[in-house]
Amino acid sequence: MLRQIKPRTARSKRVLEKRAPKAVENPKNALFLRGTTCSQVTQDALADLFALRQLHGKRFHKKNAVHPFDDASSLCFFSEKNDCSLLLFGSTSKKRPHTITFARTFDYKMLDMLEFSLDASTFRSINQFKTKKVPVGTRPLIVFAGTAFESPVPNEFTMAKSMLLDFFRGETSDKIDVEGLQYCVVVTADEPTTTAADDPASKPVLHLRVYQIRTKRSGQKLPRVEVEEQGPRMDFRLGRMQAPDEGMLKEAMRRAKTSDERTKKNISTNTIGDKIGRIHLGKLDLSELQTRKMKGLKRERDPHLLDDDSDGGDSAAHPAPSKKVEKTKRKKI
């Protein structure tokens, strides 16, 4: 159950109303911070990710003595203090070099975490691509390619897909302007090389690429679409993960009840505006159906008797049935 805080001032009341749950949630804010030891490659990667989400992001430049998988209380404190439900923590160690930890919170409590180990040899920052950059706040197209993302059982790759979707989603909208689709984020997962599950080298590598979409004249109705890489270029290997608690995940996935009328099954409206309903019945037994009694539906007489009458036989052989007249006795008064 979510905790209830009673505001004491008008300012705190406005802040709580802004942070309160809504039927249509605000876009998630992301917080970028670094640990006590963080390599320059990891810092450049955090800076590039911050540039892609600069409109809904905050970045800390000071060092923070935080170990997410040992004690996540500091990250929960930063999440509540800055109203950020997405956290990206960069750190470097001898055992885990160039690591970016993605973390999500619900009600300012840690929901789940996942480590992304960056490959420093293939990393290319945005500044190394001499192309025109996309304006800040533009929503991208997101493509996930690879069988690792289609696993029916939740694992680190399905969690990575969910986290990257939350990171690049931005604001929700009902309408899309085609001219606003200016860049595309493609995440590709390689196929596993060996069958050893404990071998980290056997896990598929995630390739994160960002392409700029350009439309040119083609002489037809549809334009010719071309893509050009604009950076950053990152290759990851997934490391440690912390799965979400079932009760907290169920609470986080709950949707608010709205006043919108729900669609009813088998009920539709035609072009005139009349409501049409469809009723499904079982198989009817027509043998017990009672029909209207008509003279034409009565049974015919015996066909043998009809044949004898048509032959012109003796009428004495077939005398006409006599009618019995019942006499009624009248009482004398």
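Every residue, even glycine, has its Cβ placed from backbone N, Cα and C.
Automatic, uncurated: that is what TrEMBL annotation is.
Record features, source TrEMBL:
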COMPBIAS  1-13  compositional bias 'Basic residues'
COMPBIAS  297-307  compositional bias 'Basic and acidic residues'
DOMAIN    28-247  domain 'Brix'
REGION    1-20  region 'Disordered'
REGION    294-333  region 'Disordered'
So what's the mean pLDDT when you look at the domain 'Brix' (28-247)?
88
I'd like the per-state residue tally for the region 'Disordered' (1-20) from DSSP, helix first, then strand, then coil.
10 helix, 0 strand, 10 coil
